[in-house]
Amino acid sequence: MAGKQDVERGENGVGEEIRAPLIAAAKEEHPSKKDDRCMVYLSTFVAVCGSYAFGSCAGYSSPTQFAIREDVNLSLAEYSLFGSILTFGAMIGAITSGKIADYIGRKGAMIVSSGFCAAGWLSIYFAESALLLDIGRLATGYGMGVFSYVVPVFIAEIAPKDLRGALTTINQLMICTGVSVSFIIGTMLTWRDLALVGIVPCAVLLVGLSIIPESPRWLAKQGKQKEFESSLRRLRGKDADVSVEAAEIQDYIETLERLPKAKLLDLFQKRYLRSVTIGVGLMVCQQFGGINGVCFYTSSIFESAGFPADLGTIIYAILQVIITALGAAFIDRAGRKPLLVISGSGLVLGCLLTGSSFFVKEYGIAPGAAPALAVSGILVYIGAFSAGMGAVPWVVMSEIFPINIKGVAGSLATLVNWFGAWACSYTFNFLMSWSSYGTFILYGSVNALAIVFVIKVVPETKGRTLEQIQASINSS
């Protein structure tokens with residue numbers, strides 16, 4: 001018992017060492033010379049080429065379905081496997097992403113991911129049978145899974161605190177852009193040419209990674225002091241005073257190094273439980289609110305409303321990009337929590353409108369109103385999702401985990417996200433056959449619970465360093 005008490009006192013002591021100076025630091029502003037942020041912007045641009053590659057993978061199957069099935073002579077079941085195997089590849093990527101990013105660095109993980117995506121696209125391009133198509137799709141899915149973790153983490157670790165939210169949100173913006181561009185140019189190119197186009201962002205990323213610095217926080221964790229200082233100075237500018245930021249990062253990491261190396265079961269210890277609950281909980285809210293089901297059913301809803309399916313989907317895609325861009329502009333001003341609450345409220349409204357359209361159509365109450373309700377509901381839903389719930393969970397996930405558990409905890413959160421994407425897509429048709437309006441009432445209920453979760457559990461993280469955020473969570 002005495003030994004156990006000593007260990008607990010030691011752990012609490014370490015926790016106090018982490019929390020006290022950083023919470024105090026949150027109340028101070030340190031004068032420094034004006035930062036030169038060109039390298040931060042360049043590094044973010046290079047990293048989000050991975051996000052664009054992610055979007056290209058996700059958007060590939062929609063405009064190419066008919067052509068691939070005809071050219072390769074695939075049955076509907078074979079093409080369904082081709083489409084869905086992407087998610088399984090992403091789940092495998094999510095499981096391994098944290099370990100890869102911890103062992104070979106954030107840049108190294110992006111190189112691995114680019115390699116898998118490029119190899120996958122080439123496999124699809126040369127495919128003459130279902131086997132090569134599926135291998136290629138699995139490989140691009142793996143790359144997506146790694147990108148979905150490492151890109152927001154890398155951006156959060158290099159960005160100054162006043163830009164971190166906006167720059168991390170560009171991750172989601174570029175995913176939306178990749179999906180939209182794939183859909184639009186997919187109507188003009190052959191499916192093989194569209195696969196070759198998917199290699200372009202991977203190539204740009206690989207070239208860019210040779211120019212930009214590695215994450216200074218990862219370098220500090222590896223004990224590479226000279227590289228850490230050099231990386232931080234390149235990111236902040238040669239005339240910037242980085243001494244305070246460097247000391248804060250170094251002190252925090254040195255304190256964390258005294259803790260045992262985290263394994264999966266360690267995430268459920270008391271000192272990590274709140275950050276894990278926040279990160280995983282937001283991913284559950286994002287996916288189980290029905291986003292993949294709504295995306296799946298969009299074309300049919302527009303058709304039922306009397307809209308051309310292609311035009312409706314393009315409007316949907318453009319709206320998604322525009323509102324995600326606006327969210328990126330406001331996230332460091334409005335904060336994370338307000339955007340999540342507003343987004344959740346819009347999702348509830350969108351679900352109620354869409355559910356009402358199915359209800360009035362099924363019971364013949366006002367059948368003429370059904371198309372307008374359906375289109376309004378879908379546009380409100382996707383607009384609300386793009387405003388907050390699409391991007392902000394990834395921003396918060398990249399901020400809240402201490403660096404000694406970031407790999408394991410980030411992999412868990414990313415895996416939950418991809419599992420939720422698969423589960424929602426898989427169950428959507430079953431739910432719709434049970435009750436079309438009931439499905440959207442169910443999704444609306446999940447989004448209402450998400451609002452409560454955000455208000456009660458999720459902290460505001462804008463305007464604070466990563467170390468201050470993590471110390472504050474540990475002290476709660």
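Backbone N, Cα and C define each Cβ position, glycine as well.
Bear in mind that TrEMBL entries carry predicted annotations, made automatically and left uncurated.
As annotated by TrEMBL, domain 'Major facilitator superfamily (MFS) profile' applies to 43-462.
Residues or ranges marked as transmembrane segment in TrEMBL: 40-61 (among others). Long-range contacts of the transmembrane segment (40-61) within the same chain: residues 82-83, 86, 110, 113-114, 117, 120, 140-141, 143-144, 147-148, 150-151, 154-155, 158-160, 163, 167, 170-183, 186, 194-195, 197-198, 201-202, 204-205, 208-209, 211-213, 235-236, each at least 6 residues beyond the stretch ends and with a Cβ under 8 Å from a Cβ of the stretch.
What TrEMBL records for 81-101 (among others) is transmembrane segment.
Annotation source TrEMBL lists transmembrane segment at 108-127 (among others). Here the transmembrane segment (108-127) has Cβ contacts under 8 Å with residues 47, 50, 53, 57, 72, 93, 97, 100-101, 133, 135-144, 146-147, 150-151, 154, 192, 195-196, 198-199, 202-203, 205-206, 209 of the same chain, all six or more residues outside its ends.
Panel annotation: around the transmembrane segment (139-158), residues 40, 43-44, 47-48, 50-51, 53-54, 57-58, 60, 85-98, 100-101, 106-107, 109-110, 112-117, 119-121, 123-124, 164, 167-168, 170-171, 198, 213, 215-218, 235, 394-395, 397-399, 406, 410-411, 414, 417-418, 466 of the same chain, lying at least six beyond its termini, place a Cβ under 8 Å from a Cβ of the stretch. If you look up TrEMBL, you'll see 139-158 (among others) marked as transmembrane segment.
The transmembrane segment annotation in TrEMBL covers 170-188 (among others).
For 194-212 (among others), the entry in TrEMBL reads transmembrane segment.
Feature annotation from TrEMBL assigns transmembrane segment to 272-291 (among others). Counting only same-chain residues 6+ beyond the ends of the transmembrane segment (272-291), those with a CB under 8 A from a CB of the stretch are 262, 266, 340, 344, 347, 351, 385, 389-390, 392-393, 396-397, 400-402, 405, 409-410, 412-414, 416-417, 419-421, 423-424, 428, 439-440, 442-443, 446-447, 449-450, 453-454, 457-459, 470, 473-474, 476.
Residues annotated as transmembrane segment in TrEMBL: 311-331 (among others).
Marked as transmembrane segment by TrEMBL: 338-360 (among others).
Taken from TrEMBL, the feature transmembrane segment applies to 372-396 (among others).
Positions annotated as transmembrane segment by TrEMBL: 408-428 (among others). Cβ atoms under 8 Å from those of the transmembrane segment (408-428) belong to residues 84, 87-88, 90-91, 94-99, 101, 145, 148-149, 153, 262-264, 266-267, 272, 275-276, 279-280, 282-284, 286-288, 290-293, 296-297, 393, 397-398, 401, 439 of the same chain, restricted to positions at least 6 beyond its ends.
Look at TrEMBL and you will find 440-458 (among others) tagged as transmembrane segment. Through the fold, the transmembrane segment (440-458) approaches residues 274, 277-278, 281-282, 285, 288-290, 293-294, 336-337, 340-341, 344-345, 347-348, 351-352, 354-355, 358, 377, 389, 396, 431 of its own chain, all at least 6 residues removed from its boundaries and within a Cβ separation under 8 Å.
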Stretch contact, the transmembrane segment (311-331) with the transmembrane segment (81-101), Cβ-Cβ under 8 Å, 3+ pairs:
no
Go through the chain and flag residues at least 6 beyond the ends of the transmembrane segment (194-212) whose CB is under 8 A from any CB in it; none is fine as an answer.
39, 42-43, 45-47, 49-50, 52-53, 56-57, 60, 63-64, 107, 110-111, 114-115, 117-118, 121-122, 124-125, 136, 140, 178, 182, 185-186
